[in-house]
Amino acid sequence: MIYFDNSATTKMAPKALETYSQVVTKIWGNPSSLHKLGDRAHGLLEASRKQVADLLGVNTDEIYFTSGGTESNNTAIKGTAWAKREFGKHIITSSVEHASVANTFTELENLGFRVTRLPVDKEGRVNPEDLKAALDKDTTLVSIMGVNNEIGTIQPIKEISEILADYPNIHFHVDNVQALGKGIWDQVFTSRVDMMSFSSHKFHGPRGIGILYKKRGRMLMPLCEGGGQEKGLRSGTENLAAIAAMAKAARLLLTDEKEKADREYAIKEKISKYLAGKPGIHIFSPLKADFAPHILCFALEGIRGETLVHTLEDQDIYISTTSACASKKADEASTLVAMKTPDAIATSAVRLSFDESNTLEEADEFIAAFDEIYQHFSKINHLGE
């Protein structure tokens, strides 16, 4: 089996699974309980929080545990919008965000907020000058993803941070679900970033658990009320086993991070060089420093993306059509549409996404399998004629 769909989800790391099993069987007390079982659970909860904070280079009290990237994004966006609505109801995002951001902005728009969606260029990147022009006295929030989940574009977070340095009251949220452990941290995080979202299952941790980074002093309204866990921002008994396993997975991921990212890039480079220049092939994830090393999106004209996915699946090779979170919906190639890619090409797009366990030998096997498909469809569609 060749699994090139790691941006959709990753296999849980054995050591993270071991941690999960140990915690769920041995440290099963409620962290809010006053007795020693609760104390022990609370101690592990806070140790995990500190471990995550240290790995990200932030303060321990700025880390909040959620159910995943979607909840983190919703909490950051809705929490800011509602908490600051008396100061202004203008919020800004891009036209290429993950559905958990894009749909949240649409919901707020329907509730009376004024939304600006920044356009992107032919590489799916926003222009910081467009953001600068959009800011006004009513702006309370800017939310721009760090790495695009469909084609791997790294957004200009540094340049945006420099602009927002002159607007200290505006909250700046970055969806960094696709960015952790890819050797690009200095491109997607600055001291001006107020909030970030992360999802455990994207970096070999368990599903159903995630992280919200919120800078000290930034006010958010919680999405739900209850027992006041997570400093009142996220009520509900903490999923301690998943939290501890996620912290372990993050530590493993960030060990030898550059070496792992280089291995992923080598696979992307090998396949990209094979694809380059072939008639009917369109590559949307070039070999450039402002693209993530682990994502390769391309299209083969004349064959729908899902057809290619299932054809390769028959050979035990697993890829996806752009975002797995929207791949069964009609708007699956939203980033390519925002880039003004012709529909016939956008619907042919597929995404390969790698992790540190993938190998160059797997890349060779993929190339061999894909080449047979390419030769077959080239004849049918008269590519290159």
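Even glycines carry a Cβ here, placed using N, Cα and C.
As the structure is a computational prediction, the values presented were derived from the model and not from experiment.
Other Cβ atoms within 10 Å of the Cβ of Q178 (pyridoxal 5'-phosphate binding site), summed over all protein chains shown, number 28. Taken from Swiss-Prot, the feature pyridoxal 5'-phosphate binding site applies to G69, T70, N149, Q178, S199, S200, H201, T237, supported by similarity to another entry.
Every protein chain considered, the tally of other Cβ atoms within 10 Å of the Cβ of K202 (N6-(pyridoxal phosphate)lysine) stands at 27. In the three-state DSSP classification, K202 (N6-(pyridoxal phosphate)lysine) falls within a helix. If you look up Swiss-Prot, you'll see K202 marked as N6-(pyridoxal phosphate)lysine, on the strength of similarity to another entry.
Per Swiss-Prot, the feature active site, cysteine persulfide intermediate maps to C325; the stated evidence is similarity to another entry.
Marked as [2Fe-2S] cluster binding site by Swiss-Prot on the basis of similarity to another entry: C325.
Closest in space to K202 (N6-(pyridoxal phosphate)lysine), of the binding-site residues given as G69, T70, N149, Q178, is Q178, taking the CA atom of each residue. Within the same chain, the residues at least 6 positions away from T70 (pyridoxal 5'-phosphate binding site) whose Cβ sits under 8 Å from its Cβ are S100, S199, G210, listed in sequence order.
Under 8 Å, Cβ to Cβ, and six or more positions away along its own chain, T237 (pyridoxal 5'-phosphate binding site) finds N30, P31, S32, G227, Q229.
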